[in-house]
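Here's the structure, in structure tokens; my notes come after.
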Ligand SMILES: Nc1nc2c(c(=O)[nH]1)N[C@@H](CN(C=O)c1ccc(C(=O)N[C@@H](CCC(=O)O)C(=O)O)cc1)CN2
Ligand SMILES: [Mg+2]
């Protein structure tokens, strides 16, 4: 059986380091890191994530503010709020929880965030830095950044020459994940819904990242023996075995079968998910260090 990669433990370690850095920053006269979390509407999953982010920010010793806009808020009001947060010196990180309601242009909203406060790493400046080998000076999106820490924990920092297959090409996970693995000198293939013979391709992967949003799509016989499997999927599926109407959380990987073959694998829940919030805190404290003219802390 494979090693279970404990994302809760690793995220607690990252958060511990963020707390220490926050205390150090105050001692150096740099004040508190400030994080503004913006949510539009009442999507229940988004409400949970946003509450977790605000709570974790407070636990880290940050100045933490949450802005909740109604589902029918005008796009112009959201853009105005972002403009105010961009100009607020007490705020070092701004994030707009995704998805936003359909009448709002998420691309326009994201590109309104000042790149130096874009702790989600979604603005053109940060995406461009990552894509041109400048990841060191970029804010890297939290889920792929956290996935890289988990991969390094298992395989060490030298990933040079390993075959990596990323299933999924989203802007939030698949593409930045591929760029990070490329920057680490992996041979990277990005697969997606049009990829032919995905199972055979997946079997070439020393590092297999599943980020497609399709419950349990990656089967045990898609996994190369000894591979590191990173499951980014969070899918809620019916669980009639529990009782009528109940649901359970599964990843994009059929866990039991994959765990028999993999060298190491992330569970769902408790794998990549908790790292997303930890890396948001890491990016925010880094932003506050940069704003204070101090060297950027590394994770
Ligand atoms: N602005 C952003 N929006 C969204 C992002 C993001 O990084 N920035 N990512 C996702 C949602 N997300 C954070 O926002 C997120 C998803 C999941 C988890 C997590 O801890 N998952 C748990 C299980 C949670 C559950 O029980 O439902 C786990 O995997 O253990 C954290 C953050 C989309 N939007
Ligand atoms: Mg997407």
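Backbone N, Cα and C define each Cβ position, glycine as well.
Quick look at what TrEMBL annotates:
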{"type": "DOMAIN", "residues": "5-120", "note": "domain 'Tetrahydrofolate dehydrogenase/cyclohydrolase catalytic'"}
{"type": "DOMAIN", "residues": "141-288", "note": "domain 'Tetrahydrofolate dehydrogenase/cyclohydrolase NAD(P)-binding'"}
{"type": "BINDING", "residues": "168, 169, 170, 234", "note": "NADP(+) binding site"}
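Long-range Cβ contacts of residue 168 (NADP(+) binding site) within its own chain (separation 6+, distance under 8 Å): 174, 190, 191, 192, 209, 210, 211, 212, 213, 232, 252. For the domain 'Tetrahydrofolate dehydrogenase/cyclohydrolase NAD(P)-binding' (141-288), the DSSP-based tally of helix, strand and coil residues reads 56 helix, 30 strand, 62 coil. Residue 169 (NADP(+) binding site) is surrounded by 18 other CB atoms, counting those within 10 A of its CB over all protein chains shown. Listed in sequence order, the residues of the same chain lying 6 or more apart from residue 234 (NADP(+) binding site) and placing their CB within less than 8 Å of its CB are 249, 251, 268, 269, 273. Residue pairs drawn from 168, 169, 170, 234, the listed NADP(+) binders, are separated by up to 16 Å at the Cα level. Taken in sequence order, the binding-site residues 168, 169, 170, 234 that lie near ligand 2, meaning a CB under 6 Å from one of its atoms, are 170. Residue counts for the domain 'Tetrahydrofolate dehydrogenase/cyclohydrolase catalytic' (5-120) under DSSP, helix first, then strand, then coil, are 60 helix, 18 strand, 38 coil.
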